[in-house]
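Note sheet for the following structure.
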Amino acid sequence: MAEGGSGDVDDVGDCPGARYNDWSDDDDDNSENKGIVWYPPWARIGTEAGTRARARARARATRARRAVQKRASPNSDDTILSPQELQKVLCLVEMSEKPYILEAALIALGNNAAYAFNRDIIRDLGGLPIVAKILNTRDPIVKEKALIVLNNLSVNAENQRRLKIYMNQVCDDTITSRLNSSVQLAGLRLLTNMTVTNEYQHMLANSISDFFRLFSAGNEETKFQVLKLLLNLAENPAMTRELLRAQVPSSLGSLFNKKENKEVILKLLVIFENINDNFKWEENEPTQNQFSEGSLFFFLKEFQVCADKILGIESHHDFLVKVKVGKFMAKLAEHMFPKSQE
């Protein structure tokens, strides 16, 4: 499949049941597995034969990984694979059970899926279900690489139409993954791409509360990625009621402080502005009792509480933050409390 000879890959088969993971940067919670190398039972520690066998096994795993990755290297002139080579990589993904081969093959697919013409080729070769099947793996590194491939492939209308059947699984995996993990971020990026248009946004309606929870609890990178996803939803008037119905953590208001990254504050205010603009408060007044306590609707409706938290950053050192806060509060007063101004 790749330069260096197929024998380098097949050679690993000399060690049945072995898993070579010494090169992995696995971010799984089980820290005991980090840096561990599993060797054949006959490679006994403390013997000269065992030492040689362990060295050979480690070298074979490294050669196999490099052979597959050689064409996937961004610095290589052969980054773009032909349809025949893509077919071989997909066969590796479908047939191999070795994590290091799967990882390298998925990296090659991910790099090639970044090119528009390859997205159609990979789809026509049956690559979408082959890669999506890898989402069932328990290996976080392999799962992350599969999500990256699907993310690159999703920048295509036809691919999105076929990938929508996996959105619920990706959503569940993203929400339940370890907070701020690479798998969670890769899942959020894929869901963000799938919601750029309004066509599949409704599939995430029941998970909006979980996204707000991730936003409140996550680190800065997670916050930004969740904001991109929520901003897609907030720009669609059809999703406004679902957003207002979502339960939000009580800590959401505490994000409005001088210590928070100004870009996080600005993007969150844009989301609130879009929701406020898309919801006809007077027209929907008879149905406002449908929103429960703790929902985003009540977070915005309780003007005094909201004002106390948001006006607290009017003294923010950044001018854009001050302007955005003032604009948001003016809209709240105009749309939510028109009678109070008479």
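Any Cβ shown, glycine's included, is placed from N, Cα and C.
What TrEMBL says about a protein is an automatic prediction, not a curated fact.
As written in TrEMBL, here are the features:
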REGION    1-36  region 'Disordered'
DOMAIN    81-300  domain 'Armadillo repeat-containing'
REPEAT    126-163  repeat 'ARM'
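Helix, strand and coil counts from DSSP across the repeat 'ARM' (126-163) read 31 helix, 0 strand, 7 coil. The domain 'Armadillo repeat-containing' (81-300) scores a mean pLDDT of 93 in the predicted structure.
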